[in-house]
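> Submitted below is the structure of interest, expressed as C-alpha cells.
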Amino acid sequence: MTLRQRLQRQLNLLDYALATLWRRKLKNFGIVVVFTVVVFLFGSLQLMNRGLTEAAEAILKGAPDITVQQMSAGRQVSLHQTAGEEIEKILGVAKVVPRIWGYHFDEANGANYTIVGMNHDGQLSPLAEGRYPETGSSGEVVISREVQKSLDLGSRLSFSLFRPDLSMKSCTTVGMFGTHTGPVTADTIFMTMADARDLFQLGPHLITDLLVYVANPREIDNIAGKIASKIPGSRVITRSQIMKTYNVVYSWRSGFGGICLLASLVAFVILAYDRASGLSREDLREMGILKILGWQVGEVMAVRFWESVVVSFTAFLLGYGFAWVHVVWWQGMLFQPLMLGWSVLRPEFRFVPSFVPADLLLLFSVSVLPYLAATVVPAWKSGMVRPDTVI
Amino acid sequence: MLLQGWAIALMVSFLGTLFLGLYSALCAVRILRYWDQNADTARQICLEGETWLSSALMQYGLFFQLFSLVLLVLAADSFSGQLAGAMCATGAFTANGYGIPALFVKIVMVFFCGYWLLLHRLDLQVETYPLVRLKYVCLLLLIPLLLVDGTLQSLYIFSLEPDVITSCCGVLFRPAENDGFNLLNPFSVPLLLSLFYSLAMLLIGMGIWLQRRISQTTGRVRCWPMGFYACCWALFFVVSLWAITIFFSSYIYAMPSHRCPFDIIQAEYNYIGYPLYLTLFVATFLGTGCGVAEMVRCREGLEPVVDRFQATALPAALILLIIFLLLSGYAPLRYIIAGGEV
C-alpha cells in the first residue's frame, strides 16, 4: 500500500468516526462538556501561574541586586546607616540605598499596610498618577488604589496614621501606583525615609535594610559573599534568590491546586472508561455489521481512536479557550484566593499570561493522555464483538 | 517538589504508561501460556484478538514514553527556575543523583518500545506469526525497565530540594583543566569532532554498501556487517549527544560558556533542538533497527519481510543522518563564514 493510499484510508476512517460521533451526539456532548471542565480547571491554574511568574519577573527587573538586613537572635533588627558606607567601599558596588520598611496595622478596618520609606532617586518604577515624595518634604505619600479604597479616602488626599505612642501622623497623597505592579504595591504606602522613621519612631540613623546595586551582574554572588563577611550577622538576599522564591511559591500553589483537581481527573477518566465500555444495542449491531462486511479488529480500533482524538482535541481547545477567558477577562476569580492569598487588601491584578507551547504540552499530558489511555481497552472490546452474537 | 504542575504531569504520564504496560503484560502472559498456532479453538481466536490489543497498547506506550521524555526535559527546565545555582535543565538534572539516570532510562525505554513495535510489524506480515513468543517475552522484559523508569523519575522529583545548591552547564561541561569537575570532557574537541564526522562518514559509506548488497546476496553474508552497522549507529548516537553538548550547542547559543544539550529546544533558539534530536533519534532507531531485524531474519518466512524493511530503513536513515549533519553543522559554519575565530 502506498503512502497516499494509507493516508486516504485514515481519512476514510476519520470520516466514518465523525459520522458515528454525530449519530451519538448526546452521549458525546456529555463527555465533551465534562472533559472541557477538567481542561478548563487545570488550564486556569497553569495560566495564572504563568501570569504571576511573569509579573514577578517584570517587577523584579527594577529591584536592587542585593538586599542587606541585620539579624539578631534569629530575628530582623534595625541596621545602622553607616553599614552602607562599609559596603560602598567594596569594589564593584555601584550604589547603596538605605530603606526603612515595616508593617502598619490599621485597627479600624483590619488591614495591614506595608510602609516603605526611601528617598526617591529617580530610579523607581513609574507611577500611574502624580509623583514620588520630594526628599525633605514632610507627610507626602504614594499609595495604591486598594489602600485608597481601604482608607475610604474618596476624593480626599489627606489621612492620618497612628504612631506607636498613639499620636497621629498626617499624610498627603501625592502619587498613585499603577495596576501593573499590583502584586507588590497593593498594600504599600510609600514615603520619605524621614517620614517612615517618624512614623515607626526609629532612632536617628537607624534603617531596616540596605539596597545594593552592582555594576557587573556576574559579580553579584561574589559581592554578596563579601558583604556577608563584612557585616557580621547580616542577611544578604540577591535578586535571583527572590525570583526563585516567587517561582517556588507560585508553582507550589498551582501544584497544590493541581493535586486537589486530580480527584476530578480520576473521576473523569472513570466516566470516560465507563462510557466507552457501555455499548448500546445499536452500537453492538453496528459493530456486527462492520465485522460481517469484513472489517478487522484493527480497523474498528482505528475508528474508535479517531473518535477519541476528535473528542479530546475538541474538549482540549474549548477548555483551554475558556481558561484564557477566565484568567484574562475575569482575572481567574475561581482560583484567586489560592494563587494570590487572602487579605483585606487584595491586589487588583490583571493576568496577561504569554502563550508558551510548553504549557500546552503540560496540560495535554494531564488531560488528553489519561483519556486516550482510558479508551483504548474499550475500543478493543468493541472490535472483538462477534457478529453472530449481536445480529 | 511533588506539588508542582510539571511533577504532576510526569506522574500522570507515568501512571498512564504503567496502566498500558501492565495490561499488555497480562495479555503477554496469556498468549505465552496458551498460544497454539495450529489450534482452531475459541481461545486461540481470542488470543489472536489480544495481539491487536497488546500492539495498540504498546503503540500508545511508545507515544506516552516519547511524550514523557520531552516532558521530563521541559520539567527540568522549569525546575531550574526554582533551584539555587541552576540556570537551565542541566543544573536541574544534576541537582540530585537520580536526574541523569532517569533521563537515560527514559531514552532507552523509547528505543526498546520502538524495537518491540518493529518486531510486531515484521511478525504481522507473516501468516505463521513466527515471532509471537519472542516478542511477548521481550514485552515482559520491558515491564521491569518501565518500573525502574517510574521509580527513578519519582525519586528524582521527590528528592529535589530548592535550597540545595546545584552546578549548572557552564561548570559541568566547561573545558576546565584542573578542577576535575566536568562530565563530558575527557578528550579534546578536535578529537571528538574527528570521531563524530568519521563515524558519520563510515555510516554513510556502509549504508550505501549494504543497500547494494541487499539485492545481491543472501542474508548469512550480510549478518555480521549489519550487526556492525547497528553497533556503529549506537556509538554514533552517544558521540552525537556528546558533541552537541560540548561543541555544537555553544555555537547555537552564540556563547562559549553555555554548553547545554537541553536549552536548544527553547523558543529563544527557534526550537532547533526538536528537528535536531528528532532526526538523530529516528535515524538511530532505523539504523539500529536494521540490526534488530537482521537478528530475526532466520525465522521462518521472515527473510523477504526483513529485506523489505531494510531496503526502506537504510536509505531513510541515511537521509535523516545527512539532515542531522546539516542541522548540527549550520551554527558553527555560519560563525566561521561570518569571520569568527576557529
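Glycine too: its Cβ is placed from the backbone N, Cα and C atoms.
Please treat TrEMBL annotations as automatic predictions, because they have not gone through curation.
If you look up TrEMBL, you'll see A:29-48, A:250-273, A:309-331, A:351-374 marked as transmembrane segment. Marked as domain 'MacB-like periplasmic core' by TrEMBL: A:30-227. Among the features that TrEMBL reports, domain 'ABC3 transporter permease C-terminal' is placed at A:261-381.
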> Averaged over the domain 'MacB-like periplasmic core' (A:30-227), what pLDDT does the predicted model reach?
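A mean pLDDT of 84 is what the model gives the domain 'MacB-like periplasmic core' (A:30-227).
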> Which sequence-distant residues neighbour the transmembrane segment (A:309-331)? Criterion: at least 6 residues beyond either end, Cβ under 8 Å.
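That would be 14, 17-18, 21, 28, 31-32, 35-40, 42-44, 46-48, 51, 349-353, 360, 363-364, 367-368, 371-372.
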> With DSSP, how much of the domain 'ABC3 transporter permease C-terminal' (A:261-381) is helix, how much strand and how much coil, in residues?
91 helix, 0 strand, 30 coil
